[in-house]
Amino acid sequence: MDLQILEHRVRVLSLARRGLWLYTHPLLKLLLLPRRSRCKFFSLTETPEDYTIMLDEEGFKELPPSEFMQVVDSTWLVLNVLSNGRSSTSSQAIGVTKIAKSVIAPLAEHNVSVLMLSTYQTDFILVREKDLPVVIHTLTGEFDIYKEVKGESIPVNCDDVSNGFLKPKHAASPTVHPVQSPRNRFCILTVAPDTLPAIATVLIDVLFYSHRFPSDLLLTSSSGELWRMVRIGGQPLGFDECGIVAQIAEPLADADISAYYISTFNFDHALVPEEGIDGIIELLQKRQESSS
């Protein structure tokens, strides 16, 4: 398999819910009018606490600073695991589960903090730009690593990032964070690009006014498949602790359970199949008890 380092330099920020009105125009531009923006990487996640936005530096320039915005100091790089040169897809376990042992666990062991962003098509792993040498040295034995430069994939030589490299200390045992599963039920969806103009008003309604979405315009992963959310953390997790994603992803991988994983500014979230949710929660709690 290949590991691609995308060329986007990403900022991560929190937008207070009460300040959404101030950002309506730039958010709609980034979401619905991509040709009018130079932004090439954009993600918006709504939680009860806030809106988490991950976007590249070009997109970040379009968001005015205000009292409603908190920005992580670090710049993040985006990694994508490819299989035979294409985003990995499989009829087996999907989402973060398929990269738990090859990517997530080794980075945790080498004290690299990661953010995860699972999508319908693929999984993005965000690492701090300063941690890139550690990432390459850690994963070079498992993957052929390429760096995207002006749209082209250039092989990365491990020696190219060796200057000043210090072997990282292995991470201490991570803090065991509580998990809980609200009663909400979720669908994993993708919207065909050519339908975006037709559903613009619907997206605006979902983002700013309600939570309705017309099922006839969506492509779901399978008919009738529903997912439940597992929320990780009782207090805001921060960005320095390592091993949080691994703490959830590894036991799910051992049990061959699919999971989509989304990191946000305050907490982490895993979407797992609704069928068997009680057993999944029990599995995660037992693994945490054995680690504490």
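Using the three backbone atoms N, Cα and C, a Cβ is placed for every residue, glycine included.
Given the structure is predicted, the values throughout are model-derived calculations rather than measurements.
The feature domain 'CASTOR1 N-terminal' is assigned by TrEMBL to 9-68. With DSSP classes pooled into helix, strand and coil, the tally for the domain 'CASTOR1 N-terminal' (9-68) is 23 helix, 20 strand, 17 coil.
Residues annotated as domain 'CASTOR ACT' in TrEMBL: 73-140 (among others).
Only residues 6 or more beyond the boundaries of the domain 'Cytosolic arginine sensor for mTORC1 subunit 1/2 ACT-like' (177-216), in the same chain, are considered here, and those with a CB under 8 A from a CB of the stretch are 20, 24, 27-28, 31-32, 44, 46, 119-121, 225-234, 237, 244, 247-248, 260, 271, 274, 277, 281, 284-285, 288. Under the heading domain 'Cytosolic arginine sensor for mTORC1 subunit 1/2 ACT-like', TrEMBL lists 177-216.
Taken from TrEMBL, the feature domain 'CASTOR ACT' applies to 223-285 (among others).
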Mean pLDDT, the domain 'CASTOR ACT' (73-140)?
86
Mind tallying the domain 'CASTOR ACT' (223-285) by DSSP state, helix then strand then coil?
20 helix, 17 strand, 26 coil
